[in-house]
Every structure is written in C-alpha cells, then in structure tokens.
Amino acid sequence: MPPSTSLLLLAALLPFALPASDWKTGEVTGKVVEKSEFPCYSLSRDNYTCSACIQYHESCAWCGAPMFDEKKPYARCDSRAKLMEHGCPNSYIEDPATKLDITEDSKLSDQGQVESEEEAVQIKPQEMYVEIRPKSRVRFNVTYRQAVDYPVDLYYLMDLSYSMKDDKQKLSELGDLLAERMRTVTKNFRLGFGSFIDKKLMPFIDPRIEKQLSPCPTPCAEPYGFKHQMSLTTNTAKFKAEVDKAEISGNLDAPEGGFDAVVQALACNKTIGWRERARKMIVFSTDAGFHFAGDGRLAGVVEPNDGTCHLDREGYYTETLNQDYPSIALLHQMIKDRKANVIFAVTKNNQDLYTQLSNALPDVSSSVGVLANDSRNIVDLIEKEYLKISEKIIMVDNANASEGLKLTYRSMCLDGTTLKDTNVCEGIRVGDEVQFEVTLENTHCIDKRDFVLRIGPSGLDETLIVNVKVLCDCDCERQDRIVTNSADCNGGDMVCGVCRCKGGNVGKYCECNRPGMSTAALNEKCKRTNESAICEGRGVCNCGRCECNPRANPEEQISGEFCECDNFNCPRHDRKICAEHGECNCGKCICAPGWTGRACECPISTDSCLSANGKICNGKGECICGRCRCFDSPDGNRYSGAKCEICPTCPTKCVEYKNCVMCQQWQTGPLNETACDQCEFKVIPVEELPNLNETTPCQFVDPADDCTFYYLYYYDEATDNATVWVRKHKDCPPPVPVLAIVLGVIAGIVILGILLLLLWKLLTVLHDRSEYATFNNERLMAKWDTNENPIYKQATTTFKNPVYAGKAN
C-alpha cells in the first residue's frame, strides 16, 4: 500500500468552489465550505455555554477569558472577528475548525484476475479522517472506475415447482454456455445454485399425506422452503450436474416462498461462498409471484423473520416452519448491507409485479428480465441484465440524518460539462472513470461524537471509509481546564470564563447567597407576569434582578426592571423612529417641541397650510398634521389641491367674467345696461393680450356674430379684485359663398343627369348589339325546306264529273 496522503484543510483559509482541474485530473481534494455571517450574540442566555455557542452556528466562537464582559456588556458568543475587536485574547477564543485528512489513497487498478494476489481497486480514496464542527460542511471528491475482469459471484436461485420442470432441464443444458458467456465479461467468474418451493404448511400445500409426499401430477419430491444445492465454484460441469440432479416438487397456491431463499442466500455467507471483493449476483428465476411478511400468519407462523442463516448440513432451511416470510424492507436492507445485485428472471405474466418490487428497492442494484416459458433465453437474459446493472453506478452510504450527519452528491458523470445533483451515473463501461463531489454536513449534535461512514457503489463491496469526529464540545470544558473553587466565582468553578456556582450560591459570579431560595425562585423575581419569560427573554436574571442583554448596535439599548423597554421599538414614519422628531422611550415617542402625533410626524404649526389669501386651507378645509383636509363644495363634491384651492364643479373665472366682457366691450350678451354697470371690474381693451404667466387665457364665441373673442384676467386673492384685458378685435369666420354653393349644386345635378343618360344609352346599345348578333347566328344556322311554297295557289282549277262513265264502245 503506498504511503498515505495527508491533506489538512482549515475553514477560514479555503474558498468554497472546487477548482476545475480537479475534475480533469481526478485528484482527491477536500474543501471546507466558507462560513456565513450569523447573529451569534442572540444565543439564549438560558443555555449560555461554550458548547451551546459553537453548536449554534458554524461562524460562532466563544471567548473564555475571565471578566471579559465585566467592563462592557459584550457577548461572549460572537464571531471571531467581533470577539477580537472587543478585546478577547486569541488564546481564549474557542472556534474549532473543520479539517479533512486523507489516510489511504491507493491508485485505481485493474489487477483483479484469478491468478493475481492483489485485488482490484475501483474507488479512490479508500479512507479519510474528518473533524467537523456543528452546522458546517466539508466537500471532497470520490472517483470510481470499473476494473477489467472484476470478480463476479453468480448464485442462481430457481423455483423448482412443477411448472418449472422444463426450465430446469433447459438450465442444465445451458450451464456451460452461461459460464462461457459470463467469462467474456470477466474471466474471474464463479457459479452457484439453490432452489426453493414454499413452506410445507397448509394452505400453501395440500394437507393430504399422499400429496405432501408427492404433490405433483407425476412422482416428485416433497416440498421444502429452500435448499442450497451448490456453493460458488468455477466448475461449470458440477453446476450442470447439480441442476440436473435437483428434484422438482410442488405447492398448492400460486405465490412461492422465494424471499426465504434470497434471505438465506445473503445471510449464509460462508456456506454460499461469497467473496468479499466481488460483485455478488443473485438470479431469481420463477414463473409465479411471491409470499412476503404476514402471509405466514395464514398457516399460524407469527414469528418474524430474523434475517440470519439457518441451513443444516444438507443445505435445507431449518426455520421455514417457524418464521414468517421476510418483509420487503428486510429484503431491501439485506441486499443493501451485503452489497448484492439481484436479477429477477420472471415470465411475461409476472413482469409488472416484479418491476414494482424492483422499484420498491431503492439504492440497490436490481433489474427485471422476461424469461421464456422454458428458460431458453436465460443466458442472454443474464448477460443483458448483468451489463445493465454493471453499467449503472449508484453511490450509497450509511449516513443517518437522525445522528446529525447528512451526505449529498453531485457529479458530471460521463458528459463532463454539467455538474448536477445526483448520486447515479449510467452508461459506465469497463475503464470509464466518473467522479462524485460529496458534501458532508453536520446538522446537530447528539451524545455520540465519533462515527464511521461508508460511501461506495451499490452492489459492490468497495467503500470509502470516512472516520468522522463531530466537534460539539469546547476544549475549555475539559475537566483539566476547569478552574475549581475560583475566587472570581466566590468559590464556584470557572468554566470557559463563566462561573458555575455550587453550595447554594447563585448569580453571575455566584455572589448571591439566598438561603432557602433556589435559582428557579430567583428567576421568578425576574418575570413581569407568571406567563412572561425571564427578563422578557432579553436579559439574564442575576440575584433576582434583570441584567439586560447588549445590542450589536451600541445606540440601541434595552432597559426597564424586566428589560421590557427599549429605544428602538417605537412607531416609525418614513422608516424613521419617531420621524427623527422625538425620542423613543419604552415603545412610545416623546416628541420634540413643535411636533406631535404617534410617531412625532405632525408639526403643531399651521404655516404649511396657509394659502395666498392668508386663509388656512383657502377657507375651504382644516389643517391636520401640517396638511389640508378639504371640505365638500356646495354641490357635494370635495375641494382639492394642496390648499383646497380647486373646486372641480364650480364655475371658473372665465365663465364668471364672460357676460361682463361681452356687454362692456361689444354691448352683446344677455346682460342689460344696468346689469353691465354692476360688473365688479372694467375691461381694458388692448390690441394684443399681454404674455403674463400668472394670467389665465379665456376664449368664447359671441352668439351675436359667431365671432371668437379673447381676454385675460388676473385675480388677486388678497384684495379680491380682478383685472381683465380684452382683445379689441374678434376672430370672425369668413362669409358663406351662397351663390357659389347654389350654382355648384345645380351644376352637379345637371352633370349627374347627363351621366345617367349616357349610361342608359350605353346599356341600350350593348343590348341591341347582343340581340342582333343572336339573330345573325340563328339565320346562318337555319335549314329551309325545298318543297313548294305552302301559300302559293295555281291559276287554274280542274273539276271532274262524278257521273261520267267514259267513251261508249
């Protein structure tokens, strides 16, 4: 074995990510994940010890210096940087570091041939030592490479009920071919054989004596639970002979007792002959279903299966009548613990059942193959399913979350591009190398401190052994570091800078001697009510009096007899405590002069509400908290604007001054002369309106001449006077051309009539031409009769005498 490689990694010195070169070279690396910031000072004072501190968070450290928190109320539990900043000597800081040390790291090798003394190495490294503190993580790489000619032990478990008679014969004939085919996969191959029927109990078998002796239609052997027929060997001729010699039997119900056989094949390691460093294969061949835990109760068997070996000298399972069938959970655990691989070779009608069984066995290597009715395809099936199992690697471990240890995996598998969360890689051929990034995390502490983790591929007895020590305790808590009968603790013991009182004394420095009063009784004096926490959970009870915890921000202080008050939990305005216009005192704001309100957000002065006319909120509202709250207008709508100067439905000054402008400048509009004289202003006629920003432009149409007139006004709210400028000239529309419109209409009508006549003429011409063309076509196609004219009459008429008899002889 080459010398061990040692790699020590401290959490404060190493980065988070693994370098890319690690994936390319396959070198083993270890990384401690960087610490994150955490408010360690919030550790509960009810359990304020060094070990509780380092277990609180990975970034928490403890200052064990005596009297460290005497002058200033600094927290002993804080980050290392904060403790040093507050003056804690480095030698007194308890901050255990996570480290990783690789103790065995042999190279991957293919030396697994039969004649080789050395065993193949498929996983790297082989052993490491990790010290990990609570709530921290450490990462390392595990490399796997499938070796050439890795040893394979194949144990064939066959259902020898009567329906499998032809299958037994075919297996006997194919024994040599099976061994020959498997040796093309690996030269280091051994073969074993066992058989099973069912429990020899009713209702699983026929209770009649003659049927118990020979349950088959033709003579056959008595039923049995399981029989080990042949141990693992390279002698294939013996395998063929043992299969041929094995006797067929039978049972009554359809399911078989195959689970008993699997458990015994796994439990009887020496009898079967399993090698420690070999791929253990069990081929489970049947044409029926299976019995499992609970079925034995039908026959009165209630004792659970213990999962241990019970074979006699002849290889028979001796507890078949005493123990129930194994549960699927027991089957899964034994396959996982023994690092075995199972191939279920079943007939087509049972494929779905055994596929469900295979899926119920997580993190173990199992597969299902369809067996021909006479098992003629058994060789191809085993070869195919073996390759399927061997080409898939599942990384498994024995980490127990309840013990505070958690392992997670990431890998690029064979694509080498994307690192993904998985513990499974597929398509692994002989010589292929895959790497897994493993993260070990401690989530909490238990009484146990030392653990042995085993990480390795499912179905292989090769593992990485990780010896783990969880750093849940501080060195200053060791017995040889405790200062007993310390003067600083008034005779108590000083542990990590904190006094541990004895002899009835209590208090921070054991200075309280209250005969007849327990610490619990003193703690009751530090509660505001019976239901309250001690010092409201924000301080410690010292001799029956509360000492409030310090805050990380020195400007924030907790106070009060029971630490019920502070200066940072008051109402805020714009995210500012008391709007920065007062002081926070025990949850209430004490406002500075000139300010009021729950959060001192309201000025007492109403200056901010004064409008230009000197009225508060323009006389249309009230000033509340420095802002105008407007009243409703006479029509029920609310005034608006910063000073309530806007009335959405009130008439504007433009509309109000319109009639006065019309009557004064042009003597038009609805006002008579008397009403016009009563207008509150006199217009100022100008050629062009002045360009003043503070004036409001107005324009209206005079109904008398349909001309638009313009004027500007300025209203002085202070004096309630208006100044109005009006432009002398109106903008009148041009006169309507009546004659042109009439002539245009007449011309349009005439032209339209002419166009209609022309259109009518065009249509008639086209129609006549069509009729004439039709007539010519009919004339040319006509065929006239050549007889006489039917209306022609000749000029002469001949009459014959009807009584004329002719000439006499």
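Glycine too: its Cβ is placed from the backbone N, Cα and C atoms.
Under the DSSP three-state reduction, Asn47 (N-linked glycosylation site) is assigned to helix. Per Swiss-Prot, the feature N-linked glycosylation site maps to Asn47 (among others); the stated evidence is sequence analysis.
Around Asn141 (N-linked glycosylation site), taking its Cβ as the centre, 20 other Cβ atoms fall within 10 Å, counting all chains. According to Swiss-Prot, the N-linked glycosylation site annotation covers Asn141 (among others), on the basis of experimental evidence.
Sequence-distant neighbours of Asn269 (N-linked glycosylation site) (same chain, 6+ apart, CB under 8 A from its CB) are Cys309, Arg338. What Swiss-Prot records for Asn269 (among others) is N-linked glycosylation site.
Sequence-distant neighbours of Asn373 (N-linked glycosylation site) (same chain, six or more apart, CB under 8 Å from its CB) are Asp166, Asp167, Asp287, Thr347, listed in sequence order. According to DSSP, Asn373 (N-linked glycosylation site) sits in a coil region rather than a helix or strand. The feature N-linked glycosylation site is assigned by Swiss-Prot to Asn373 (among others), with sequence analysis given as support.
Annotated N-linked glycosylation site per Swiss-Prot: Asn400 (among others), in sequence order. Here Asn400 (N-linked glycosylation site) comes close to no residue that lies at least six apart in sequence on the same chain with a C-beta under 8 angstroms from its C-beta.
Cβ neighbour count for Cys499 (disulfide bond): 23 (other Cβ atoms within 10 Å of its Cβ, all protein chains included). According to Swiss-Prot, the disulfide bond annotation covers Cys489-Cys499 (among others).
The Cβ of Cys501 (disulfide bond) lies under 8 Å from the Cβ of Cys489, Asn490, Gly492, Gly507, Cys510, each of these being in the same chain and 6 or more residues away along the sequence. Here Swiss-Prot flags Cys501-Cys510 (among others) as disulfide bond, drawing on sequence analysis.
Annotation comment: Swiss-Prot describes Cys512-Cys543 (among others) as disulfide bond. Cys543 (disulfide bond) carries neither a helix nor a strand DSSP state and counts as coil.
The average pLDDT computed for the domain 'I-EGF 2' (512-564) is 83. According to Swiss-Prot, the domain 'I-EGF 2' annotation covers 512-564.
Under the heading disulfide bond, Swiss-Prot lists Cys526-Cys541 (among others). Secondary structure at Cys526 (disulfide bond), as computed by DSSP, is coil. Listed in sequence order, the residues of the same chain lying 6 or more apart from Cys526 (disulfide bond) and placing their CB within less than 8 Å of its CB are Ile534, Cys535, Gly539, Cys541, Gly544, Arg545, Cys546, Phe562.
Listed in sequence order, there are no same-chain residues at least 6 apart in sequence whose CB falls under 8 Å from the CB of Asn530 (N-linked glycosylation site). Residues or ranges marked as N-linked glycosylation site in Swiss-Prot: Asn530 (among others).
Cys546 (disulfide bond): 24 other CB atoms within 10 A of its CB, across all protein chains. The disulfide bond annotation in Swiss-Prot covers Cys535-Cys546 (among others) and rests on sequence analysis.
The disulfide bond annotation in Swiss-Prot covers Cys548-Cys563 (among others). Take the CB of Cys563 (disulfide bond) and look out to 10 A: across all protein chains shown you find 23 other CB atoms. Classification of Cys563 (disulfide bond) by DSSP places it in coil, neither helical nor stranded.
According to Swiss-Prot, the feature domain 'I-EGF 3' maps to 565-601.
A sphere of 10 angstroms centred on the C-beta of Cys586 (disulfide bond) encloses 13 other C-beta atoms. Marked as disulfide bond by Swiss-Prot: Cys565-Cys586 (among others).
The disulfide bond annotation in Swiss-Prot covers Cys570-Cys584 (among others), and the record cites sequence analysis as its basis. In the three-state DSSP classification, Cys570 (disulfide bond) falls within coil. Counting every protein chain shown, 21 other Cβ atoms lie within 10 Å of the Cβ of Cys570 (disulfide bond).
For Cys630 (disulfide bond) paired with Asn47 (N-linked glycosylation site), the C-alpha to C-alpha distance reads 59 Å. The most densely surrounded of the disulfide-bonded residues Cys512, Cys609 is Cys609 (count of other Cβ atoms within 10 A of its Cβ). Within the same chain, residues at least six positions away from Cys578 (disulfide bond) with a Cβ under 8 Å of its Cβ are Cys570, Pro571, Arg572, Cys584, Cys589, Ile590, Cys591, Ala599, Cys600. Taking the Cα of Cys548 (disulfide bond) as the reference point, the closest of the recorded positions Asn47, Cys565, Cys602, Cys644, Asn721 is Cys565.
Comparing C-alpha positions, Cys623 (disulfide bond) sits nearest to Asn721 among the recorded positions Asn47, Cys563, Cys586, Asn672, Asn721.
A helical conformation is recorded for Cys489 (disulfide bond) in the three-state DSSP classification. For Cys541 (disulfide bond), the count of additional Cβ atoms within 10 Å of its Cβ stands at 24 [all protein chains shown].
Within 10 Å of the C-beta atom of Cys548 (disulfide bond) sit 21 other C-beta atoms, taking all shown protein chains into account. Cα of Asn672 (N-linked glycosylation site) to Cα of Cys565 (disulfide bond): a span of 77 Å. Residue pair Cys602 (disulfide bond) / Cys609 (disulfide bond) shows a Cα separation of 12 Å.
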